[in-house]
């Protein structure tokens, strides 16, 4: 988000965010660097509460001026009747569990990692320790701004992140059995989520990690720019529930295929044409017969009026 911006300007970030969630049909959006104190969350709910439900974790020392993470739930697409949350690191790591489909739930962890290399490494270790608590649900999805890359290919120009921080992150990912879905889907592609302002440097700092089960039911992994005024690009993925598989255009069957549909259409058109002719032809014949009779009568009448009187001979 790069800050919450003004909540009352005509072009504020929350209007753009609400519009993006509506147009792209995003059920859940993870936000970092929100700078949202509790009173601003109330304002967002008053202004956009018909669509957005925010679960927020502000920075404990400077809620309106630094850090902060939140998860926005699209009420038009997500059942928010049973939402629970756990703050692992205030302003940095937030877990939200919500209904997904029928009696199924999905657990999402949103993170905003630190820039400092040493602090970044400690951050992952702290999260791993926090997840040892049996009361904290394990995430099916881990996403956010990681402020590092796992591979050099995710930077331009190519550059590795500090090994200690990467190893700490990979330890967490291994423990949770999570995978970088975009990289698995696009193994040889280079794309970036953070084009540094005033520089040609680019990085794929923002990522979505998912469990194997979720990965198997994911599609349309994307990195794209949006109309939200921020310096990061949007990473998105579509997920399906096991009981609600993705439904495409369907496959050919003996009962449903283009040739059969065309034949049925021809039969229907032929029947309609035949029925129409049956109802209209007798009426047309009767009209033609009446018109012919009237014309003949008129011609005979004119002929009689124009005939010269007969002459008699003596």
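Cβ coordinates are placed from backbone N, Cα and C, and glycine is handled just like the others.
Binding of Mg(2+) is attributed by TrEMBL to 145, 147, 231, 232, and the same site annotation extends, among 23, 33, to 33.
Put simply, of the binding-site residues 145, 147, 232, the one whose Cα is nearest the Cα of residue 206 (site 'Important for catalytic activity') is 145. Mean predicted confidence for the domain 'Endonuclease/exonuclease/phosphatase' (16-232): the pLDDT average there is 94.
Residue density at residue 33 (Mg(2+) binding site): 21 other Cβ atoms are found within 10 A of its Cβ, drawing on all protein chains shown.
Residue 232 (Mg(2+) binding site) is surrounded by 19 other CB atoms, counting those within 10 A of its CB over all protein chains shown.
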